[in-house]
């Protein structure tokens, strides 16, 4: 997969993107035939225990992007630019985005609308592919006053349309639409020549993205309305750990099968 192939999928084949934060998850995503792996700053609230994405640092993101690359070396990987890694200056943004490519990302994702058009252009001119992200942009949640659905007012609808066109004009190869009302997401998708990838934005985007922990049911305390739980791995893992605990307590594990003697043959994997 590459940028040009993704762009050609618009209107022909739906794009499938998932988040992944480590090597084993990335390998599974690759083996499942997922088109794009996003190392999201959702790392913060899904893996690192933060309340939201704002505390996530460049250093943390770089570690996880590199891990994902090792797990799926031939996958198309997009790295989220975390809060304040690109907002302070164009020069700093180019430097930080370049760091992601150096550890294995194929592109970066930037939250924000038309006001970031010049920055997107500079990144693209520097050889860094950019995926845009408009609608609900979690890094700006304090400005929005919460996680609110976007595109409900005419003013907001016009802003989103302008932003999508500006990002396309400046060289973005795709745009994530997050929590945008379905009608507006459809209008945006039809108004730009680059793919839109929806999350909570209805049926008419060119692709869909979900968060790893949401679609696999790894968080029993949180289930966003727009997501679908394709498995309940929290319960699967919980039961496995409970069984391991039970067997150890009762002396049922390890057995002879899992033990070595001076007559054992072969290595640890035999």
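For all residues, glycine too, the Cβ spot is worked out from N, Cα and C.
Per Swiss-Prot, these features apply:
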ACT_SITE  178  active site, proton acceptor
BINDING   41, 80, 111  Mg(2+) binding site
BINDING   41, 42, 80, 109  3-methyl-2-oxobutanoate binding site
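Surrounding the centroid of the Cβ atoms of 41, 80, 111, where the record places Mg(2+), the chain contributes additional residues within 8 Å, namely 40, 42, 53, 56, 81, 82, 83, 109, 110, 133, 138, 139. Across the residues the record lists as binding 3-methyl-2-oxobutanoate (41, 42, 80, 109), the two Cα atoms farthest apart are 12 Å from each other.
Comparing residue 41 (Mg(2+) binding site) with residue 109 (3-methyl-2-oxobutanoate binding site), their Cα atoms are 10 Å apart once rounded. Taking only the Cα positions, the spacing between residue 80 (Mg(2+) binding site) and residue 109 (3-methyl-2-oxobutanoate binding site) is 5 angstrom. Of all the Cβ atoms in the protein chains shown, 22 others lie within 10 Å of the Cβ of residue 178 (active site, proton acceptor). Of all the binding-site residues in the record (42, 109, 111), the one with the smallest CA separation from residue 178 (active site, proton acceptor) is 111. Note: residue 42 (3-methyl-2-oxobutanoate binding site) has non-local neighbours 19, 53, 80, 138, 211, i.e. same-chain residues 6+ apart with C-beta under 8 A of its own C-beta.
A simple way to gauge crowding: the CB of residue 80 (Mg(2+) binding site) has 29 other CB atoms within 10 angstroms, across all the protein chains here. Every protein chain shown contributes to the tally, and the Cβ of residue 109 (3-methyl-2-oxobutanoate binding site) ends up with 24 other Cβ atoms within 10 Å. Minimal Cβ crowding within 10 Å, among the binding-site residues 41, 111, is found at 111.
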